[in-house]
Amino acid sequence: MGSITVRYFCYGCLFTSATWTVLLFIYFNFSEVTQPLRNVPIKGSGPHGPFPKKFYPRFTRGPGRVLDPQFKANRIDRLMNNHIEDPDKGLSKSSSELGMIFNERDQELRDLGYQKHAFNMLISNRLGYHRDVPDTRNAECRRKSYPTDLPTASIVICFYNEAFSALLRTVHSVVDRTPAHLLHEIILVDDSSDFDDLKGELDEYIQRYLPAKVKVIRNMKREGLIRGRMIGAAHATGEVLVFLDSHCEVNVMWLQPLLAIILEDPHTVVCPVIDIISADTLAYSSSPVVRGGFNWGLHFKWDLVPVSELGGPDGATAPIRSPTMAGGLFAMNRQYFNDLGQYDSGMDIWGGENLEISFRIWMCGGKLFILPCSRVGHIFRKRRPYGSPEGQDTMTHNSLRLAHVWLDEYKEQYFSLRPDLKNKSFGNISERVELRKKLGCQSFKWYLDNIYPEMQIPGPNAKPQQPVLINRGPKRPRVLQRGRLYHLQTNKCLVAQGRSSQKGGLVLLKTCDYGDPTQVWIYNEDHELILNNLLCLDMSETRSSDPPRLMKCHGSGGSQQWTFGKNNRLYQVSVGQCLRVMDLMDQKGYVGMAICDGSSSQQWRLEG
């Protein structure tokens, strides 16, 4: 009898313990009341430690919908779980080794990022949704003040298959660096993206961690950037429309200069200076102040600023008249955007719309300026990671519409370069022709004479080139060290396989010859390794299995950016791997890249 009593007592204890365990699990996993705020790591990133406190997200509750528990368990918990495998390999957001590959999973994520997005998604994910960026404005801009009665802004961001981390970093940068009373709303237009994380997971994140003024509109089919922006603008209710790309980061005091000019003249369209975010390293760097132009192939180009634009009393902070805009980032009074005809809805997807709206602004009574005191960073990719839905050449289609509506007799300059397009169909332009008449627009000759006199017209009577600001070229980076790149284990030096001047040539290990100047490397403050003062050591960002080669120095970092780290390793920033000797026993001396492990095959020293 006693044994039976003890047995049931034990059963009771077990049942009670199990009940409390279940209750505590439910409470801590599903309660939404008074849970402590914590850093939100990025899904899919590699191992790294916690980021500094100043980078922690500032959470703001979105609209209070009842959350589905299963969704929370499967999506949001996975979003918060960074799958940290080795916290000792912690990396700060400013680390040059933020893109380091630790395992095959990191390598797959990095390679997938270049394939899907044409930039380093591994680094993007590790950066998180908040980071500090350098204030790249001229010092005079920091002393400027702006009116208190500025108009409110609707930020329109159209995206298609964007990287989740890049999109949210764009949104958070706007929320973090825009005064709340000026930010009327952020409208995200999903142009029928295919990626799952841009659907329910994005909605849930916005609901939980962003203000209610962040809204998502989803197109039922692919409309393209042009019509996507028109859809976003149709939903906007702020006084000013600000269009941004989906892989940007706005800088400090970015919005106030734009709004101040529009407050002064609602018929003025303004663009920020577009700073550079490297596609390979995501490093943020300043851009020079230039202005937009175009060529007779109807492609946008950047021009130096004419001397005539630089003599005003405001000096380096003065707005710069720009004949055209790049198109990705600009602000415009919402009513003026509608009155001026929005975009040409007959244009498809992307391409040419920036020139069309630029010509229309100037020819129909408006103004277009670039503002040096407004800065926005933009990831500049080397290619577009996606095409048109049907594979059509939208740039040609859109350029033809532009030429036939706005160029008048100067469209023959375009057709002289593209005679194959003279009889190509471009759709019905009657509405746009009628719009031009209704707005009472000037001729294209007026535009060339008054807005872009620097534009050359080929022919025997070509006008002389107008003077422009002298460009003295970029300053040469300072040399930090000069010597032979010595491999500690083999006692050999890294040299060119053939001539040191051969572009695309391989490098390998050979016996060091201290009398041979072609074995001498220069390491400079831009982290370039230059052999014989001729070519840079370069890696393919998209084919990390390829060996390093000697290529012309491009000065953009990324594929030519190397750092000497601990354990004498030579780390390639954009590839995220270290230089190694392929086989220590092989006399051929071939080198390649591998996951950094501090092994003897990866130990190098630059010796004078």
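Glycine too: its Cβ is placed from the backbone N, Cα and C atoms.
Cross-referencing HIS130, HIS378, HIS397 with the Mn(2+) binding residues that Swiss-Prot gives (ASP245, HIS247) picks out HIS378. Binding site for substrate per Swiss-Prot: ASP191, SER246, TRP350, ARG381, TYR386, plus ARG222 from the candidate set ARG169, ARG208, ARG222, ARG321. When Swiss-Prot is consulted, the disulfide partner of CYS578, picked from CYS553, CYS596, turns out to be CYS596.
Looking up CYS373 in Swiss-Prot gives a disulphide bond to a cysteine among CYS13, CYS141, CYS158, identified as CYS141. There are 28 other CB atoms within 10 A of the CB of CYS578 (disulfide bond), with all protein chains counted. Applying an 8 A CB threshold to same-chain residues 6+ apart, the list for CYS141 (disulfide bond) reads MET253, PRO257, ALA316, THR317, PRO372, CYS373. For CYS596 (disulfide bond), the nearest neighbour among the disulfide-bonded residues CYS364, CYS441, CYS536, CYS553, judged by Cα separation, is CYS536. A Cα-Cα distance of 16 Å separates CYS578 (disulfide bond) from CYS493 (disulfide bond).
If you take the CA of CYS512 (disulfide bond) and look 10 A around it, you hit none of the disulfide-bonded residues from CYS364, CYS441, CYS536, CYS553. In this structure, the disulfide-bonded residues under consideration are CYS364, CYS373, CYS493, and the one with the smallest number of other Cβ atoms within 10 Å of its Cβ is CYS364. Nearest in space to CYS364 (disulfide bond), taking C-alpha to C-alpha distance over the disulfide-bonded residues CYS493, CYS536, CYS553, is CYS553.
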